[in-house]
Amino acid sequence: MFQPKPLVIVLIGPTASGKTELGIEIAKYFNLNIHNVDSRQLYRFMDIGTAKPTKEQQKTIKHFLIDLEEPSSQVNAKQFQEIATKSINRELNQNRIPFLIGGSGLYMNSIIKGFFAPNVPPQKVLRSQFEKLGQEKCWELLKICDPVLTKKINYADQVRTIRALEVFYVTGKPISSQKFQNPPPWKILELGLYREDLKERIFKRTKNMFEFGIIDETKKIINQYGSNLPLLETIGYREAKDVIKENLKLEKAIEITTTKTIQFAKRQKTWFRNKNNPIWLNNKNLLKDAIINIKHALR
């Protein structure tokens, strides 16, 4: 007897496009829980700099896949895929519809398309050596080892740069050539969110981020885990760290973070258009358009 595939709803879009707010409204309407697919929100204490759903928002709607690990841990896409798939299957076993929200294209596609990279365990000695080299030299190495990947990830993304070098040094092959696909047995509805005023939204969010605590948040992380944490080299935290060290003025930190975030958002948009091809929601009535598409998928 034919068994229809279970539905999994996905909302993707660039950073600062309003995924969290829209996602919560959708979740309320359909009585859904939310699975956050974000490469930084899965770490504890990184709240302001990652625009993590607030405690109030988490009380309104149950959120999964956030605050899972210490910032000193390094979870790769393969590990996240395994954690997320278990979380999704738990919901499916309860006859609920999983709802995934995120802007991390690599992590999202590892889940919904079944892409996975070689399962190379963390190499502590190698990682330590790469961290001592610094991101600039590691990036130059990566351009030699895996030029394909350097066109897909942010040059300031130390976590993914080191992971890619780690895989290359262990296997002798670039990570971009070792990805395989094993699609999960789900029916995927992909909704895309993009705002025409995204640059203005990014500037406003970055300004608020610095005004409302990313510097204090960064200080606390440094005090507990040290200043060499790879996650502190990601957008926002790197600039906050430079303010703390008095290497940057606050205004310049906001400017640099805004520019980096706009560049990152452009790459996200390109990724989603090329790799995902979602149903892009109508900006004039996002919630209504999302509801119509979800109801259609539920028929």
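Just so you know, glycine gets a Cβ as well, placed from its N, Cα and C.
For the ranges 38-41, 94-97, 178-181, the feature annotated in Swiss-Prot as region 'Interaction with substrate tRNA' maps to 38-41. When pLDDT is averaged over the region 'Interaction with substrate tRNA' (38-41), the result is 95. Sorting each residue of the region 'Interaction with substrate tRNA' (38-41) by its DSSP state yields 0 helix, 0 strand, 4 coil.
Those same-chain residues not listed among T15, A16, S17, G18, K19, T20 yet with C-beta within 8 angstroms of the centroid of the substrate site C-beta atoms are G13, P14, E21, A51, G103, L193, R201.
Counting every protein chain shown, the number of other Cβ atoms lying within 10 Å of the Cβ of T15 (ATP binding site) is 20.
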